[in-house]
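As recorded in TrEMBL:
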- B:6-24: transmembrane segment (TRANSMEM)
- B:36-55: transmembrane segment (TRANSMEM)
- B:61-85: transmembrane segment (TRANSMEM)
- B:92-112: transmembrane segment (TRANSMEM)
- B:141-158: transmembrane segment (TRANSMEM)
- B:188-210: transmembrane segment (TRANSMEM)
- B:222-246: transmembrane segment (TRANSMEM)
- B:258-285: transmembrane segment (TRANSMEM)
Amino acid sequence: MTELNAAAEARAEEPPLIAMHGITKVFGSLVANDHIDLAIRAGEIHALLGENGAGKSTLVKILYGLLEPTEGEIRWRGEPVRLSGPQAARALGIGMVFQHFSLFENLTVAENIAAAMPPEMSLAEVAAKAREVSGQYGLPVDLDRPVWTLSAGERQRIEIIRCLLQDPQLIVLDEPTSVLTPQEAERLFVTLERLAASGCAILYISHRLEEVRRLCSSATILRAGRVVATIDPRAVSAREIAGLMVGTALHDVVALRGAAEGAPRLVVRGLSLPPEEAHGQTLREIHLTVRGGEVLGIAGVAGNGQGELFAALSGERLAGAPEAVEIDGRPVGHLGVTERRRLGAAFVPEERLGHGAVPDHRLAENTLLSRHGTGGLVSRGFVLADATRALAQRIIETFDVRKEGTDPRARTLSGGNLQKFVVGREILREPGVLVVNQPTWGVDAGAAALIRQALVNLARQGSAVLVISQDLDELFEMADRIAVIHAGELSTPKPTGDLTREAVGLLMTGAAASKGTVHAH
Amino acid sequence: MTIVEAILLTVVTASTPLLIAALGELVTERSGVLNLGVEGMMAMGAACGFAGAILFDSTLAGVLCGILAGVATSALFAFIVLGLAANQVASGLALTILGLGLSGLIGAPFIGARRDPVAHLNIPGLTDLPLVGRLFFGQDAFVYASLLLCLGVGWFLFRTRKGLLLRAVGENQASAHSLGLPVLRVRLLAILFGGACAGLAGAYLSLVYTRFWSPGMTSGRGWIAVALVVFAAWRPGWAFFGAYLFGAATVLQLHAQAAAIGIPAQALSALPYVATIVALVVLSLGRRRDTGAPGSLGMPFVPDR
């Protein structure tokens, strides 16, 4: 014990492993990083917190040599260094696990790992080392499989192994748990703690404050490109941290559970669909009913049929029998998206850029995407430009969409603001049925709270709201009942109050699937 | 020499330029760049190759001139699509038009000139074997070079670290960049390789296939090479089969015309091109999205700094 203390003291006297001083990065008129100071010691798990657009990604890219700072100094073990590119960063001992995985879908796991290794190493050597590291840290992977066949958790393991193969002294993880089940996340934490105990420093970026409080011993909080606080997250409540991130106190979503027992508005009966794409998921015998006034949540790990279910509900894919999907008692399985919208349904897809909005179109033009067929914006084949602009303005004001210029192109908005716009466009139609896939994916806490509240409010006005989400916290916060989709099968929805996170997590991994079907009979 | 043997020999001659050009385009596309200028680069290779061979009175010098012409044309394309990050489809089409026009200008003084046939392999005993002797042991150097090239490209792409680097860059340029792989440098080399192959294929046309030069003599072979890459699902082995399939279609329509089988000559000459379209349609129906296409194919790459 004393030895450990002595080691810790010795570490504290050393200069930090990495110290960033006065880092500033300017893009045109935007100051993404404004004199940021950040120091991380060996063996420390340090959190980097902030809303979307606070400057975390920019700072991390600078740290990994992908961007050059406009101003400022980086010291590695006290020595000033220049990070001219990822190779330079890796040579120092900085490793990176990317949020959106920097993997190559059509290459095998071994090839993916080799792509980041020095060119002298043969593929066989890389594979041998990968096996060694995979065994040492308990990260099982099949090296010969192509990446597109793997789950998100497995993909992340490849990223981590690839990172560990370079003997890093500092590992940067960007939102590592956003795609994992609670069980997978728990395994990740064990790996990270083991790494930190061996002297590796970890910079941990996350939105999930409970995780940060469990894992990290210090945290730097960014807001609008500046450091607003450096704290010990274990000593402060999640609520206070969130307040620091947003700048104002956060409001809880007011759920008012069990408010009304309305009539069934969205009914799905025995929906089975083969996948449309080569790597898709088959939907098997899905039954569900969403009543007016309630929010039904569907949890699940990405790639278990959420996209296919959304497509079948929205009419992007026809559902076979007309009776397979009913909106307000009318069979609509054979109707397309526009016909379903005319019956009062609205849909918010998962991808906001490219599916929910056209990136290079202006916001006013984007209002037409889902509302061209439901009146008010088009007359005799001509677009009513004034009406689209007025509608865009109404969405922008109602949902607090922040933007530059009067009517910017969709791609120039930050993720959270564009999501507010896309969700707002559908909610302002006051739909009887709303289906939304991943409503707050990659959206900052402030925008997420606003979107959730808007969805709950819509339900309380008598609409049926179906939320498909990978974020369990979100579902527990807003859903009246929760079902889990796994391998294309949907579990029986249960009232949120009767469920625990662990129970839902087990269903998400499929571990309790057989048990679930027994209950359903 | 029997008629079957004669037909088989001409099939090899017709297929070789297709194979060489398709392999070059395959490597270019594997790096994520779609170069639709193969037809133009081939035309430049044919004109410059023929001009070089006449001026230096050497087939080898002609071949080198053809390759250099292809490389130079592709370097212009590389500057536009990599340096200026311009649209690859439009730039490639422009390159084809430029190459066809410029080759006419370069080749004009050489219209009417002829070259002697190039030397063929001759191994006493083997080459004299009936039916297969000439076919396997009596070809010119280009044919053997094209087969080695096919094996070499396959070995490079799937067995070497450099080949992995090239495939990674073509598969996902953003990931490759974030790992610090030199996306633009890899693509530049791949484009130049594609240009060299197209130039060589063009030189083969004017120096071996016809042994004279005439404007527009590539007559769509560059386009067939581009289509072959898709047909081959970006695999060198399949490119070999495809090239010989279409080479055979080209030759057989000539023989069908000679035999006067009662189908209009125009319909028969269209056969290879119809076959290309049919093959592409059948392939895209069968395999849907999982065709093995490089993920970043045709996307301009601009690193943020």
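Glycine is no exception: its Cβ is also placed from the backbone N, Cα and C atoms.
Nonlocal intrachain contacts for the transmembrane segment (B:258-285), taken as residues 6+ away from its ends with a CB within less than 8 angstroms of a stretch CB, comprise 220, 223-224, 227-228, 230-231, 233, 242, 245-246, 249-250, 252, 291. Sequence-distant neighbours of the transmembrane segment (B:222-246) (same chain, 6+ residues past either end, Cβ-Cβ under 8 Å): 11-12, 15-16, 18-19, 21-26, 29-30, 36-43, 96, 147, 150-151, 153-154, 157, 198, 201, 272-273, 275-276, 279-280, 283, 287, 291-294. When the stretches B:6-24, B:36-55, B:141-158, B:188-210 are ranked by Cβ pairs under 8 Å to the transmembrane segment (B:61-85), first place goes to B:188-210. Ranked by Cβ pairs under 8 Å to the transmembrane segment (B:141-158), the stretches B:6-24, B:36-55, B:92-112, B:188-210 are led by B:6-24.
The stretch in B:6-24, B:92-112, B:188-210 that contributes the largest number of Cβ pairs under 8 Å to the transmembrane segment (B:36-55) is B:92-112. Taking Cβ pairs closer than 8 Å, the transmembrane segment (B:92-112) reaches residues 34-44, 46-48, 50-51, 54, 73, 76-77, 212-216, 218, 222 in its own chain, all 6 or more past its ends.
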